[in-house]
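As recorded in TrEMBL, the features of this protein are as follows:
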TRANSMEM  17-38  transmembrane segment
TRANSMEM  58-83  transmembrane segment
TRANSMEM  95-116  transmembrane segment
TRANSMEM  122-146  transmembrane segment
TRANSMEM  306-332  transmembrane segment
TRANSMEM  338-361  transmembrane segment
TRANSMEM  373-392  transmembrane segment
TRANSMEM  457-476  transmembrane segment
TRANSMEM  497-520  transmembrane segment
TRANSMEM  526-546  transmembrane segment
Amino acid sequence: MARGAEPSGERRPCGSVVAYFTSAKFLLYLGHALSTWGDRMWHFAVSVFLVELYGNSLLLTAVYGLVVAGSVLLLGAIIGDWVDKNSRLKVAQTSLVVQNASVILCGIILMIVFLFKTQLLTLYHGWLLTMCYILVITIANIANLASTATAITIQRDWIVVVAGEDRSKLADMNATIRRIDQLTNILAPMAVGQIMTFGSPMIGCGFISGWNLMSMCVEYLLLWKVYQKTPTLALKSGKVEESELKQLNVKKESDMKPAEGVQLIVEKDVTGFEPQQEKEVGCTARMAEPFITFRDGWVAYYNQPVFLAGMGLAFLYMTVLGFDCITTGYAYTQGLSGSVLSLLMGASAITGIMGTVAFTWLRRKCGLIRTGVISGVAQFACLVLCAISVFMPGSPLDLTVSPFADISARLFESEPLPTLASPEDKPEMVFATGMPNLLNGSTTPANSNLEMSPEPVPLISVSLLFAGVIAARVGLWSFDLTVTQLLQENVAESERGIINGVQNSMNYLLDLLHFIMVILAPNPEAFGLLVLISVSFVAMGHIMYFRFAQKSLGKQLFVCCTPDPKAVSDSSPPGNTSTV
């Protein structure tokens, strides 16, 4: 018996490992990792492809960004309403197929354009090539809308159902999802970038199309497995989805009170003109339905008890203090190399993962709402370094420089105005970055006095800027997870899709405003002003959240944190009756 007990004892750890890798939670992680990897590769590559196709111009990329932001802004509520009104499995599978099929089709079109660009330029005076550009942007926008639907249904709905009533499990799952996002956000662009560098853009298109075809099949299977392992996914708003009645073996038809049902049907059939009136009203209502859904979605969002928390998160998108193309471009003007920037992006990913760890720890110690307050204070304290950097040595802040000087020079002069990059004006800016001397066409200064003492740009300002941005990622991602879980826990299941759709619209609106802000002040000399505006918007966002926390907890907001998680129940604002 003793010998027989040893193998069974050894099998227990193996059995638990196998059980974890076959659990709905792990399968959900795996599907999200595959989906996010494909998304990150495509979002990185499509911008590069559009720049490559249009002669190293940012015009197509700007148009694509504007179309994507505008579409989500206008259609976010409608997409969320579609998620609410349809079965979970149907929504997840449809959005998955549409998203991946659109990316595959875009990749094929881009491969054709790369192969036959010269011939397409000569056909119909180049209009055929222009139509290809329009087609690529349109299909890529459809892929992004489908990706938005996938994110709403999986990250805002499925994950809540899989976690069940365990809010600690929900917090851990949210944190793990964000860690996957952070890792894929760094690794996926690096992978596809290497393929495009050592291969060609056409090979990159083929690789992304092939990856999405394979990933779509695997994700489809994983979604089905998660759905099978979690029967409660078939329950939506307290009702069993009609398409899943047979699979779940619910109550017999005798329990459905057929007599009443037959009576209702007979009553509808007896009235002669009622069906025709319903059709007429239905046709009119169908035309107005998108506008009504848009209005109702925003009204419902405003009436949510977590409205101020959602608005606080949206205000964090109105910022240039992130590792996007804007901050990267500014870093290049300050003399930072690509290798240094890649290291900074890696450090940013590490601090972001630290933020997800901090979220789970703080939520256990202090409760969910207080975690948001602490995270907001931590983020703002780090961003103070960015505000200080604006006034430190090396900062190019100069509000006397016209933001449209470079644009007007390009429009009305055959060459850029020499005064914009003249050594007499900004010798340290010109020679620290290796820019040519526009006065004599060489890389050496024309003035011998300047040649004797070229001073490099001090790195104090840019160092403080990126130190603040990287350190603030801890508070940023912890705050993001806090608001995400507040929306998951406190929004009624029947409105979960539309509310999160409106939240995405708000995020895109503020993100769009930040791009408009950069367009109005594109010069490096005005970047310091953009930093100060960004810090102000972050502060306003956290003030909104603080107001929400004060309403929810009142005087208890400033009570010391307790290590007992059972003693903390501050995740549901007063007056809210919805449950997880």
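Glycine is treated like the rest: Cβ placed from N, Cα and C.
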- Counting only residues at least 6 beyond its ends, the same-chain positions whose CB falls under 8 A of a CB in the transmembrane segment (457-476) are 316, 321-323, 327, 331, 334-336, 344, 347-348, 351-352, 354-355, 358, 375-386, 388-390, 392-395, 428-429, 432-433, 531
- Message: At a threshold of under 8 Å on Cβ distances, which of 95-116, 497-520, 526-546 pairs most often with the transmembrane segment (58-83)?
- Response: 497-520
- Message: Between the transmembrane segment (526-546) and the transmembrane segment (306-332), are there three or more CB pairs that fall under 8 A, provided the residues in each pair are separated by 6 or more in sequence?
- Response: yes
- Query: When you scan the chain for residues with a C-beta under 8 Å from the transmembrane segment (122-146), skipping those not six or more beyond its ends, what do you find?
  - Reply: 42, 46, 50, 53-54, 60, 63-64, 67-68, 71-72, 75, 79, 95-96, 98-99, 102-103, 105-106, 109-110, 112-113
- Long-range Cβ contacts under 8 Å made by the transmembrane segment (338-361), restricted to residues 6 or more beyond its ends, are 171-172, 174-176, 178-179, 182-183, 185-186, 323, 328, 331-332, 371, 375, 466, 469-471, 473-478, 481-482
